[in-house]
Amino acid sequence: MLADASRNRLLRNILTVVTGTAGAQAVTMALMPVITRLYGPEAYGVLGVFLSLVMMTVPVAALTYPMAIVLPRRDVDAHSLIRLSLLTGALFAGISALLLAVWGTQLANMLDMQPVEPYLMLLPFTMFSAAALEIIQQWLYRKQRFRLTASTGILHSLVFNGGRCLAGLIHPTVVVLLCTTAFSQALQALMLLVGFKRTAHKQAPASVPAEHADTEPPATMREMALRHSDFPLFRFPQLLINTLSQNLPTLVLAAHFGVAAAGFFALCKQTLSMPTNLIGKSVADVYYPRLSKAAHNKEPIAGLLMKATCALGLVGLVPFGLVFAAGPWLFAFVFGSEWHVAGEFARWLALGEYMILVSRPCTVAVPVLNLQGRFLIFEIVSTALRIGSLAVGVLLLDEALSTVMSFVGATILIYTAMILIVLFEARRATHHTTA
């Protein structure tokens with residue numbers, strides 16, 4: 001009965017997160033055709049370059065310490081991780097602001113990204129906002145407050161995308177796109193914090209019963225930094241390398257084929273990542289604390305991973321298969337005729353996004369299985385493969401669509417290998433547990 005109750009609770013949590021994410025994505029999709037017609041591919045290309053820079057710098061902000069917040073057995077120790085993450089995020093955002101103030105122009109010229117140069121000072125603020133958002137999200141996941149994160153996600157999507165549309169009707173420029181994007185994560189973090197404070201009486205009980213909570217003093221920030229040092233030592237460089245390689249195509253397309261090509265790619269990534277965020281991220285957000293709890297209790301996790309991976313494989317066939325079959329027509333119909341080329345990109349990117357979706361449960365299992373050191377090496381090899389695929393597209397094929405296809409081929413190979421490795425290690429860990 002306890003096992004059935006646990007499975008039912010896990011399913012309810014997944015459905016809650018999926019519902020919230022679905023609502024947020026529905027709002028985004030409903031307003032996206034308006035946004036694409038207001039701003040156009042060139043503005044979207046500049047936004048895509050800016051977002052790529054943001055995604056490349058976000059892992060630096062708090063050295064991935066927020067990802068460890070769900071792991072400690074005691075809430076008081078998690079509080080120390082929260083303070084450590086905030087301090088680290090503020091420090092690196094300040095350093096980034098200083099560096100950009102001195103060398104921002106030179107950086108933009110070196111990377112051939114002059115259209116983004118006037119807006120580089122938005123990066124430090126966005127870095128810290130992203131770190132703060134992840135901190136509050138991980139705390140809410142730890143406290144099982146999935147309903148709050150779901151409802152806030154819908155409201156934030158409505159405010160964010162609605163604001164873009166209203167501002168675009170008045171002044172449809174790239175400045176509007178960049179400023180609304182820069183303040184988006186800060187707004188969501190603030191909304192989650194206010195919601196948590198207002199509903200604090202509904203929070204789940206502490207992770208450790210009260211009679212055991214004070215048997216030892218709370219861990220200091222230094223102690224928690226050392227205890228979870230595998231995150232900055234292994235998870236941080238692994239995530240940094242991954243985000244660098246994932247966002248490199250936008251920068252390469254902008255530099256070699258123009259900002260319009262980058263805009264096509266950016267819209268494809270945003271649109272095709274919606275099923276991944278809707279289903280894959282929702283499942284992963286719920287499975288991460290569940291896998292952590294299973295590891296604490298010496299439970300086998302190979303079965304959990306296998307079921308989640310197979311389920312996502314079946315679910316993803318419909319949306320990504322549809323895009324592969326009719327991508328150009330769909331994009332031209334939904335977003336406007338000038339986005340037909342984006343549909344050609346989307347047809348191939350759908351295959352890569354499908355593998356990313358399927359891999360989500362295995363991705364969050366990496367720290368639970370203590371594979372972070374090994375996956376740092378894996379990420380370095382994967383990044384070399386991605387860079388090589390882009391080099392083939394730019395230097396040998398010299399065509400934007402061919403570059404995208406080459407990158408997708410590398411993505412499929414990488415995530416297939418990652419799934420197989422994690423499932424193998426989970427099965428081996430299960431054998432050790434039952435032995």
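Placement of Cβ uses the backbone N, Cα and C atoms for every residue, glycine included.
Residues annotated as transmembrane segment in TrEMBL: 12-35 (among others).
For 47-72 (among others), the entry in TrEMBL reads transmembrane segment.
Cβ atoms under 8 Å from those of the transmembrane segment (84-106) belong to residues 57, 60-63, 65-66, 69, 117, 120-121, 123-125, 127-128, 131-132, 134-135, 221, 224-225 of the same chain, restricted to positions at least 6 beyond its ends. Annotated transmembrane segment per TrEMBL: 84-106 (among others), in sequence order.
The list of residues near the transmembrane segment (118-136) in space but at least 6 beyond its ends in sequence, with Cβ under 8 angstroms from a Cβ of it, reads 50, 53-54, 57-58, 60-62, 66-67, 69, 82, 85-86, 88-90, 92-94, 96-97, 100-101, 104, 107-108, 175, 178-179, 181-183, 185-186, 188-189, 192-193, 196. Positions annotated as transmembrane segment by TrEMBL: 118-136 (among others).
Here the transmembrane segment (175-196) has Cβ contacts under 8 Å with residues 39, 43-44, 46-47, 50-51, 54, 119, 122, 125-126, 129-130, 132-133, 135-137, 139-140, 145, 148-149, 151-153, 155-156, 159-160, 163-164, 167-168, 203 of the same chain, all six or more residues outside its ends. The annotation transmembrane segment is assigned in TrEMBL to 175-196 (among others).
What TrEMBL lists as transmembrane segment is 311-336 (among others).
The feature transmembrane segment is assigned by TrEMBL to 348-369 (among others). Listed by sequence, the residues of this chain that lie at least six past the ends of the transmembrane segment (348-369) yet keep a Cβ under 8 A from its Cβ atoms are 67-68, 71, 230-231, 235, 265, 268-269, 272-273, 275-276, 279-281, 283-284, 287-288, 291-292, 294-295, 301, 304-305, 308-309, 312-313, 316-317, 320-321, 323-324, 327, 375, 401, 404-405, 407-408, 411-412, 415-416, 418-419, 422-423, 425-426, 429.
The transmembrane segment annotation in TrEMBL covers 376-397 (among others).
Look at TrEMBL and you will find 403-424 (among others) tagged as transmembrane segment.
Put simply, of 12-35, 47-72, 376-397, 403-424, the stretch with the most CB pairs closer than 8 A to the transmembrane segment (311-336) is 12-35. Residues 234, 237-238, 241-242, 244-246, 248-249, 252, 256, 403-407, 409-411, 413-414, 417-418, 421 of the same chain sit 6 or more residues outside the transmembrane segment (376-397) yet have a Cβ under 8 Å from a Cβ within it. Tertiary proximity for the transmembrane segment (47-72) is limited to same-chain residues at least six positions away from its ends with a CB under 8 Å from its CB atoms, namely 39, 78, 81-82, 84-86, 88-89, 92-93, 96, 113, 115-116, 119-120, 122-123, 126-128, 130-131, 134-135, 138-139, 141-142, 174, 177-178, 181, 207, 219, 224-225, 228, 231-232, 235-236, 239-240, 243-244, 246-248, 250-251, 254, 259, 262-263, 265-267, 269, 288-289, 292, 367.
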